[in-house]
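Asks: Starting off with a structure, shown below.
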Amino acid sequence: MATESNLVGMRASHRALDADLTDCSAPQLVVVRHGESEWNKLNLFTGWKDPALTDKGKEEALKGAKELKKYGYDHYDIAFTSALQRAQTTLKIILKEIDAESLETIKDQALNERDYGDLTGLNKDDARKKWGEEQVHVWRRSFDVPPPNGESLELTAKRVLPYWEKEIKPRVLKGERVLIAAHGNSLRSLAMELEGLTGEEVVKMELATGVPIVYKLDKTGKVLEKKILE
Ligand SMILES: O=C(O)[C@H](O)COP(=O)(O)O
């Protein structure tokens, strides 16, 4: 079920928000985290490694597509995804289900998962045993502390957001219907910008695999309305 009008634009006045919500021409953007991958299943730090989706991951992508259809978010002008197959396959499954297999799709590593550096390939529980619960939590969920030789969320945002500003946002603001299939941390970086979240707020945000998020934006690209289709 769609989470009812989960309004995040707390900084906007309610009057302005109501006015804009009645405006069907307000720019709209749909983002989705890939379905479960083989390495998610094995509880391994994945980052820029490129495992495939599991069967469960494919089912999650299909379920996400059915939710998009159910709520009428099944027409797009362009799609963006990362250079990693778990996001690309998720997108493919969605596009097939909404009869949009020939949709123009741009793949770019700017949308990749954060690079987990030396943690890549390690089991997350083993890492907790080795470095302690707290240290691993800091690496996974602090804003600006990178894992050894990897990217913090802040560093991830430094490549995701310029790409958003240059390649995606202008299309969304022009009224193109854009679908992005990407990763937990690349989408967190984007959510930070769209929803106006602080570093502290964004690290608390968890994105479920295969669950689409629909954003309605104002004319500057900030979020007026957010619906999680789960
Ligand atoms: O790269 C990974 O391991 C996951 O896709 C995201 O991991 P996280 O939940 O530890 O950020």
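Each Cβ is built from the backbone N, Cα and C atoms, and glycine gets one as well.
Given the structure is predicted, the values throughout are model-derived calculations rather than measurements.
The substrate binding site annotation in TrEMBL covers 33-40, 46-47, R86, 113-116, K124, 140-141, 184-185. The active site, tele-phosphohistidine intermediate annotation in TrEMBL covers H34. Per TrEMBL, the feature active site, proton donor/acceptor maps to E113. Feature annotation from TrEMBL assigns site 'Transition state stabilizer' to H183.
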Asks: Pop the Cα-Cα gap between E113 (active site, proton donor/acceptor) and E36 (substrate binding site) into the table, whole Å please.
Replies: 14
Asks: Please list the recorded positions from R33, G47, E113, R114, K124 whose Cβ falls under 6 Å of any atom in ligand 1.
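Replies: From R33, G47, E113, R114, K124, counting a Cβ under 6 Å from ligand 1 as near, the near ones are G47, E113.
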Asks: At a 10 A cut-off on CB-CB distances, which of the recorded positions R33, H34, W39, G47, E113 has the highest count?
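Replies: Most Cβ neighbours within 10 Å: H34.
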Asks: Determine, to the nearest whole angstrom, how far the Cα atom of H34 (active site, tele-phosphohistidine intermediate) is from the Cα atom of H183 (site 'Transition state stabilizer').
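Replies: About 6 Å separates the two Cα atoms.
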Asks: Out of R114, K124, H183, which of these recorded positions shows the lowest number of other CB atoms within 10 Å of its CB?
Replies: K124
Asks: Given H183 (site 'Transition state stabilizer') and K124 (substrate binding site), what distance in Å do their CA atoms have, once rounded to a whole number?
Replies: 18
Asks: Just jot down the residues in the same chain as G184 (substrate binding site), at least 6 apart in sequence, with C-beta under 8 A of its C-beta; none if empty.
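Replies: Looking at Cβ-Cβ distances below 8 Å from G184 (substrate binding site), excluding near sequence neighbours, one finds R33, E113, E206, L207.
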Asks: Across all the protein chains here, work out how many other Cβ atoms are within 10 Å of the Cβ of E36 (substrate binding site).
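Replies: Taking every protein chain into account, the count is 20.
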